[in-house]
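Notes follow once the structure below has been shown.
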Amino acid sequence: MLPLPKSFDKNEIFLITVLFLLILIIRFLPKRFPKVITILILLEAFTIARLADHLLASAHVMGIDFYDIMDTGKYEFFGLFTYLIFAPFGYLFVYLYDWIKPRGVYLCLYIISWSLFSTCFEWIMVLFDIYKYKNWNLAYSSIVYLVVQPLTILFFEFLIREYNKMKE
Amino acid sequence: MIIVFLLALTIVLIITFFRIEKSLNLFQNIFMYFVLSFLITTSFDILILNLEYIKLSSNFYLVLLFFLMQTSFFPLIIILYFNYLSASKSRLQKFNLIILCLASLFLIEYTLLSNKIIIYKKWTSLKSALYWISLLLIIYLLNKAFNKSISDEVDC
């Protein structure tokens, strides 16, 4: 059902290493949010990544197949790992946001910096053959990040507000 | 015509979903939405791309509509089902609800099929029934696990 890689090479090793490091970072960060918020933030980042790839990378039939993930154009087992990577990144994004609490122009700077960082990280993923662009480039990705990241902040603020309301 | 019909149906469902009072708490509903969107898109990708059991229409708008169905209609119907299920008291009510939920899912799948938005190749209606029942079971178990893990923080 979910094909294994043709050869276990640099893209798989990169994914496993990065995922392992991210899990370690999150594991040792001081707890900042309630468990329910943490689970939903991780899930949100994971699902948004999945839905974006589902729309942009797996629609071969309608001619908007913008990129392939991993070795084949199919939905591979290690393709799941690419979404798993987005979950801790989403968590770190929200964690730092809650820690720094940027407001006004600093919030814009925060989002732009994270979008730049995400785009650079995606460039590294392209170098490691995780993404194989067809009709896509990094500029499009940076726009996607610029849209998704403010939405993630709104989602987080919404969750915190509802959580506090529920606790009262 | 079919695009307008299904779009209207989805909009009505979305409005209904946000208007009605839900018996599960907000966090459970959000959790179920994310998990369902992931599971439904993943399973359809496996069936369409990897196994080639189902073929997708080559019409751009119909494929977008199918994407909308996978990310809004199917998950919302299932979330509504679980909300009503937790509020229902008798076994008969629960039985009626599962029949209603499965019938809605089938009806939409049949509409997609009869309008050639999806085409069965090595897939059958029986497999579809098993697919939806398994999905409901998986969501039920995951929701239970989620409830258990957050019960000390939130009233479920």
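Residue numbers in this text run from 1 along the chain shown.
Glycine residues also receive a Cβ, built from the backbone N, Cα and C atoms like all the rest.
Keep in mind that this is a model prediction, so the values were computed, not measured.
What TrEMBL records for this protein:
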type	residues	note
TRANSMEM	B:30-48	transmembrane segment
TRANSMEM	B:60-83	transmembrane segment
TRANSMEM	B:95-113	transmembrane segment
TRANSMEM	B:125-142	transmembrane segment
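Only residues 6 or more beyond the boundaries of the transmembrane segment (B:60-83), in the same chain, are considered here, and those with a CB under 8 A from a CB of the stretch are 2-3, 6-7, 9-10, 13-14, 16-17, 20, 22-24, 29, 32-33, 36-37, 40-41, 44, 97-98, 100-101, 104-105, 108, 112, 115-118, 135-136, 139-140, 143. Beyond its flanks by at least six residues, the transmembrane segment (B:30-48) meets 24, 54-56, 70-71, 74-76, 78-79, 82, 123, 131, 135, 138-139, 142-143, 146 of its own chain at Cβ-Cβ distances under 8 Å.
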